[in-house]
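Novice: Here it is, the structure in full.
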């Protein structure tokens, strides 16, 4: 009997020393799981915002030139990824293959690894179920003494992959400066665009495509 009492006391002491996660700690763990590996995925379109894109930036680590991109599909149709073309820099993720209506794609880019003078400059393309191509361009330069952040969105007739020509068409066309302000325009084909890009070297680009 005495042995059982001693054993019970020992087990009780051991259990008392085991840390039980608090509610706050459990919430932090859930939040970490939700935010892990966001770039290259699809989320609910209504949930896209700066908070999500900040987490995408955080995934890229301590990189001086990087960008988190979110594009909300409210076009009424579905999109299929074609490709991404990087004029400068690179990415660690693949474009989400399929973006249904009312979903948003998350993507990211960064400068090349090492002490190299590159930014994150690219264009990517999605083939839309209406038979046309959605092109997105962003430019986060290395040297802000000569360049600024720029971005644009354009719809191309038919199917067209992203390449240097698509990038230059938007970059040298009439792009929007990354000025921390909202911009909108008519894309044609019954679609509209509204978006914003921040001005820093760790940039956020949020876009909404709608009817």
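Glycine is treated like the rest: Cβ placed from N, Cα and C.
Feature list, courtesy of Swiss-Prot:
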- 88, 121, 139, 141, 167, 171, 172: phosphocholine binding site (BINDING)
- 37-46: region 'Plays an important role in the hemolytic activity' (REGION)
- 45-64: region 'N-terminal region' (REGION)
- 139-154: region 'Trp-rich region, which is important for the binding to lipid membrane' (REGION)
- 1-19: signal peptide (SIGNAL)
- 147: site 'Important in the initial contact with the lipid membrane' (SITE)
Novice: Which residues of the chain, 6 or more past the ends of the region 'Trp-rich region, which is important for the binding to lipid membrane' (139-154), have a CB below 8 A from one of its CBs?
Specialist: 65-67, 87-89, 109, 111, 117-121, 169-171, 173-178, 187, 193, 195, 197-201, 203, 205, 207, 209
Novice: Hey, for the phosphocholine site built from 88, 121, 139, 141, 167, 171, 172, who else sits with CB inside 8 A of the CB center?
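Specialist: My list of surrounding residues reads 87, 119, 122, 137, 138, 150.
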Novice: Same chain only, please: residues at least 6 beyond the ends of the region 'N-terminal region' (45-64) with a C-beta under 8 Å from a C-beta of the stretch. Say none if there are none.
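Specialist: Counting only partners 6 or more residues beyond its ends, the region 'N-terminal region' (45-64) has Cβ contacts under 8 Å with 35-39, 70, 72-74, 92, 102-104, 106, 108, 110-111, 201-202, 204-206, 208.
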Novice: Who sits close to residue 121 (phosphocholine binding site): which same-chain residues at least 6 apart have their Cβ under 8 Å from its Cβ?
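Specialist: In sequence order, the residues whose Cβ lies under 8 Å from that of residue 121 (phosphocholine binding site) (at least 6 apart) are 86, 87, 88, 89, 109, 138, 139, 140, 141, 167.
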Novice: Pop the Cα-Cα gap between residue 147 (site 'Important in the initial contact with the lipid membrane') and residue 172 (phosphocholine binding site) into the table, whole Å please.
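Specialist: On Cα coordinates alone, these residues lie 13 Å apart.
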Novice: What does DSSP call residue 147 (site 'Important in the initial contact with the lipid membrane') in the simple three-state scheme?
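Specialist: Looking at the DSSP assignment, residue 147 (site 'Important in the initial contact with the lipid membrane') belongs to neither helix nor strand, so coil.
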Novice: Determine the Cβ neighbour count for residue 147 (site 'Important in the initial contact with the lipid membrane'): the number of other Cβ atoms within 10 Å of its Cβ.
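Specialist: Result for residue 147 (site 'Important in the initial contact with the lipid membrane'): 13 other Cβ atoms within 10 Å.
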Novice: Under DSSP, is residue 171 (phosphocholine binding site) helix, strand or coil?
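Specialist: Where residue 171 (phosphocholine binding site) sits, the three-state DSSP reduction gives helix.
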Novice: Which of the listed binding-site residues (167, 171, 172) has the least company, meaning the fewest other Cβ atoms within 10 Å of its Cβ?
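Specialist: Counting other Cβ atoms within 10 Å of each of the binding-site residues 167, 171, 172, the minimum falls on 172.
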Novice: Let me spell it out: for each of the binding-site residues (88, 139), count the other Cβ atoms within 10 Å of that residue's Cβ, using every protein chain shown. Which one has the most?
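Specialist: Its Cβ has the most other Cβ atoms within 10 Å: 139.
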Novice: Rounded to a whole number, what is the top Cα to Cα distance in Å among the residues the record ties to phosphocholine, namely 88, 121, 139, 141, 167, 171, 172?
Specialist: 16
